[in-house]
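Feature annotations, courtesy of Swiss-Prot:
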| type | residues | note |
| --- | --- | --- |
| REPEAT | 146-187 | repeat 'PFTB 1' |
| ACT_SITE | Asp482 | active site, proton donor |
| REPEAT | 511-552 | repeat 'PFTB 2' |
| REPEAT | 588-628 | repeat 'PFTB 3' |
| REPEAT | 637-678 | repeat 'PFTB 4' |
Amino acid sequence: MWKLKIAEGGPGLVSGNDFIGRQHWEFDPDAGTPQERAEVEKVREEFTKNRFQMKQSADLLMRMQLRKENPCQPIPPPVKVKETEVITEEAVITTLRRSLSFYSSIQAHDGHWPGESAGPLFFLQPFVMALYITGDLNTIFSPAHQKEIIRYLYNHQNEDGGWGFHIEGHSTMFGSALSYIALRILGEGLEDGEDGAMAKSRKWILDHGGLVAIPSWGKFWVTVLGLYEWSGCNPLPPEFWFLPDIFPIHPGKMLCYCRLVYMPMSYLYGKRFVGPITGLIQSLRQELYNEPYHQINWNKARSTVAKEDLYYPHPLIQDLLWGFLHHVAEPVLTRWPFSMLREKALKAAIGHVHYEDENSKYLCIGSVEKVLCLIACWAEDPNGEAYKLHLGRIPDNYWVAEDGLKIQSFGCQMWDAGFAIQAILSCNLNEEYWPTLRKAHEFVKASQVPENPSGDFKAMYRHINKGAWTFSMQDHGWQVSDCTAEGLKVAILFSQMPPDLVGEKIEKERLYDAVNVILSLQSSNGGFPAWEPQRAYGWLEKFNPTEFFEDTLIEREYVECTSPAVHGLALFRKFYPRHRGTEIDSSIYRGIQYIEDVQEPDGSWYGHWGICYTYGTWFAVGALAACGRNYKNCPALRKSCEFLLSKQLPNGGWGESYLSSQNKVWTNIEGNRANLVQTAWALLSLIDARQAEIDPTPIHRGVRVLINSQMEDGDFPQQEITGVFMRNCTLNYSSYRNIFPIWALGEYRRRVLFA
């Protein structure tokens, strides 16, 4: 059986806080009773049977394990409220106690709530490809690992034979080709899989243009693997690292995610690195093209992308740049004497890779970047220490559930914990659930980043992070404005509670450090970006090289980052009015102006990191309310309430499709189904805006949906994905289905029933 390990290290691993927050899965062939194994097989079979109706796992393996380790007291039966019934406090508090008992039972011993953070169908396959190249596939992925990877890929194959960009999406060349290749590497034959799954996949790929039609990121990976030629890729010259910092296209001005993808890519491109051409690679060259490999027009293939993958078509000016670099710059840079510059550029690029590796304890900013850095380190030195350290941190990236083994972005431990704490505190049941809160408080304190990046971090295009909270855990090291703000909020809230209940409060100097990080990130327009100060011009987005993302090249401001920053600073000002008071007042004022400025004409806010208008609106409304705005004195809040009420479904809930993010137009979930997480976001917005003082009926109707949806064990059902990034890719947060219904019910009890 698979076992989730919490806060445990491993050979050669380094941690700044004794691995608090670390979560990784190990396979133990002797673990589990026959009954437990049968239970696991049952939920696997049920997922596979229903995989086309419900594409997200319910994260049941983790829940089953932790509930056995942390048994809770018997809970009362679930409450059901009829349409004609008035919602009573007893109904709400019973539902809350059932929810909190369940959610406390799946808290890890280090204080965080483990949970899946996955969904994209391009995180996993590069790990399989990279380890195949390096020869360590069977060392890192045992037969049990490989079995679960194969299970996952087949479970998320679409009915037409292809795979999507993410698990809810239509089939794309990117997802299909990478998945087919990964399955072949893992030993699947040409006709293997249920109902000829491999043959169907191959047919889909060939019918849609073959491997030449894979997008640019895919072209890179299949080239490194040996299935494609570097002459069919747009250039990634490492010499860009030598441009003067003032140049608008310098990599240091890129969004950190884009920059950290470019670093190892430019190194591998500059070396023209290609893995071993094995018999399998030779076979795949025949399987995945509609013409003989040696007859392919690679220059034409550079700009060939399947229409199913094309979300962001390249503007003409970008294609002209690629053409110049390909036909003019590269032939010059690869010949003497300019080849000496290439060698220096390669050293600079790999130097940046090593800096990122060392400062993130070989986790890297995300799994996409990690596997690129891993293969770059191996290309530099197959026997080097850096590559070995990368291997040791691979388990931090994968997650096992009833649908199989998948790769996560990097984990959302701190992000989920910050929300979970606020949700529990909203219930006013602290004395009943103080052990849960105390453990969570210790996790928050242990997760704050204690020091800035090493050395001359500004020369490495890094920003201060001392005092920040990351999205995942301290070892990750990457500051995020909203995570820092949520961490600041819960640290302050805990500091106002009795220490004998929740433990010793955090030192005020550490709160000051967090404030320093937040204030340092604000842009001139008042908004807050996510990771680093905005450094580049907006027109640079014209050179976004990906075909499937939008807003990926430069850092920009987001309402979901601005709102927590404003909210956190407002709470800090309440208790520490003398610390940087003038600057904080100015920052809050400018942040509020930004939030009001980016409101949509219909009263909503577009959410970049969650789906979509319900998500953005919840953040914006919360910040405005925290600064004294309400329905009566703020036109923006009145418009937001009108917007949300216009989207309420006949059953009282809200349900918004991921297509809202992609198409930038509100789209209901298919069948006009309600989603409990989005229903909770809408309710929190209406409660914050004080809609209840005008007409509480819509709030009562939404709360009824939450109460009636609770399951027998106190959990809430898994529904559609509610996370998203870069407009076009979904991300499942399995803890959201617990956190936000609890939070909405807690606020409802406290601010509507008791009002």
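Including glycine, each Cβ sits where the backbone N, Cα and C put it.
Long-range contacts of the repeat 'PFTB 4' (637-678) within the same chain, counting only residues at least 6 positions beyond its ends with a Cβ under 8 Å from a Cβ of the stretch, are 168-169, 311, 599, 602-608, 611-615, 617, 620-621, 624-625, 629-631, 685-686, 689, 691, 694, 698, 701-702, 704-706, 709, 716-717, 719-722, 724, 727-728, 730, 736-737, 740-741. In sequence order, Phe528, Ala530, Tyr558, Glu560, Cys561, Pro564, Ala565 constitute the residues six or more apart from Asp482 (active site, proton donor) in its chain with CB-CB distances below 8 Å. Mean model confidence for the repeat 'PFTB 4' (637-678) is a pLDDT of 98.
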